[in-house]
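Enquirer: Sharing a structure below in structure tokens format, with a few things to ask.
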Amino acid sequence: MPELPEVETTRRGIAPHLEGQRVSRVIVRDRRLRWPIPEDLDVRLSGQRIVLVERRAKYLLINAEVGTLISHLGMSGNLRLVEVGMPAAKHEHVDIELESGLALRYTDPRRFGAMLWSNDPLNHELLIRLGPEPLTDLFDGERLYQLSRGRSMAVKPFIMDNAVVVGVGNIYATEALFAAGIDPRREAKGISRARYLKLAIEIKRILAAAIERGGTTLRDFIGGDGQPGYFQQELFVYGRGGEHCKVCGTGLREMKLGQRASVWCPRCQS
């Protein structure tokens, strides 16, 4: 699933080609996503100029002069730029054609993504309860410490809770906990303030590094410019269960936590 760095990489790839451009038409080939694409999307968006392309958590917000297109890439979706008129392959559900001659094409083989319309996106039901962005001053270790008090759940699903902080998905939660030396199975309430301060620093560092390297390409992800991400080359533990720790050589362990595969080093993490 594309996580925050992959979505931010997509935003950075498409924004320069969308902002300031006028939409000539919208082609919807299949409306059957996680939520159906609105029947009137073409009417609402065609003829409008795109003002700004933003990201909130893992949602892309394509702001027009009036209204906003909210897009989520789901499990395996992507948005990329193609030339208007390029034949569409299977699973290429939507084209947003621009007067520049480019089109923003939405592909989603598993159809778990979304393309919705809102006149008040930040108060949309999918966004209104989201926690702070991890790369802003609204998120820090003190927030993690305070919210963890009384929480008996494991620390990994705790930091993956979008009400606590957005965008810390399975890949980056796994890597941040390793970097901070914290066992992902530990109860959230049992971790000290000092260790949460360290964890928040590592979350920020790892997410920023992943964005800089274009995200992590494990299966389907490509950025808005059609290029893969390269952060997978720097993964220490994610997807490496049973292999040796790159730091100490101990065998990495793996188990399910909150329905997600979790990998950790029993020596480096406690």
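Using N, Cα and C of the backbone, Cβ positions are placed for all residues, glycine too.
Relevant sequence annotations retrieved from Swiss-Prot are reproduced here:
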type	residues	note
ACT_SITE	Pro2	active site, schiff-base intermediate with DNA
ACT_SITE	Glu3	active site, proton donor
ACT_SITE	Lys58	active site, proton donor
BINDING	His91, Arg110, Arg151	DNA binding site
ZN_FING	236-270	zinc finger
ACT_SITE	Arg260	active site, proton donor
Enquirer: Whole-number Å distance between the CA of Arg110 (DNA binding site) and the CA of Pro2 (active site, schiff-base intermediate with DNA)?
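Expert: Their Cα atoms are separated by 13 Å.
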Enquirer: State the residues, same chain only, that lie 6 or more residues beyond the ends of the zinc finger (236-270) and have a CB under 8 A from a CB inside it; answer 'none' if no residue qualifies.
Expert: 153-154, 156-157, 160, 170-171, 174-175, 177-179, 181-185, 218
Enquirer: Between the active-site residues Glu3, Lys58, Arg260, which lies closest to Arg151 (DNA binding site), Cα to Cα?
Expert: Arg260
Enquirer: Can you name the recorded positions among Pro2, His91, Arg260 whose CA is within 10 A of the CA of Lys58 (active site, proton donor)?
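Expert: Close recorded positions: Pro2.
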Enquirer: So if I measure Cβ to Cβ from Arg260 (active site, proton donor) and keep only same-chain residues at least 6 apart in sequence, which ones fall under 8 Å?
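Expert: In sequence order, Lys156, Pro157, Met160, Asn170 meet the Cβ cut-off.
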Enquirer: At 10 angstroms around each C-beta, which of the recorded positions Lys58, His91 has the fewest other C-beta atoms nearby?
Expert: His91
Enquirer: According to DSSP, does Arg260 (active site, proton donor) sit in a helix, a strand, or coil?
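Expert: In the DSSP reduction, Arg260 (active site, proton donor) maps to strand.
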Enquirer: On the Cα atoms of His91, Arg110, Arg151, which are listed as binding DNA, what is the maximum pairwise distance in Å?
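Expert: Max span of the DNA binding residues, Cα based, is 41 Å.
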Enquirer: Among the recorded positions Glu3, Arg151, which residue has the largest number of other Cβ atoms within 10 Å of its own Cβ?
Expert: Glu3
Enquirer: If H, G and I count as helix, E and B as strand, and all else as coil, what does DSSP give for Pro2 (active site, schiff-base intermediate with DNA)?
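Expert: Assignment for Pro2 (active site, schiff-base intermediate with DNA) reads coil.
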Enquirer: Roughly how many Å separate the Cα of the residue listed as 'active site, schiff-base intermediate with DNA' from that of His91 (DNA binding site), to the nearest whole number?
Expert: 17
Enquirer: Restricting to the zinc finger (236-270), what is the model's mean pLDDT?
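Expert: Within the zinc finger (236-270), the model's average pLDDT equals 96.
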Enquirer: Taking the Cα atoms as reference points, how far is His91 (DNA binding site) from Glu3 (active site, proton donor) in Å?
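Expert: About 21 Å separates the two Cα atoms.
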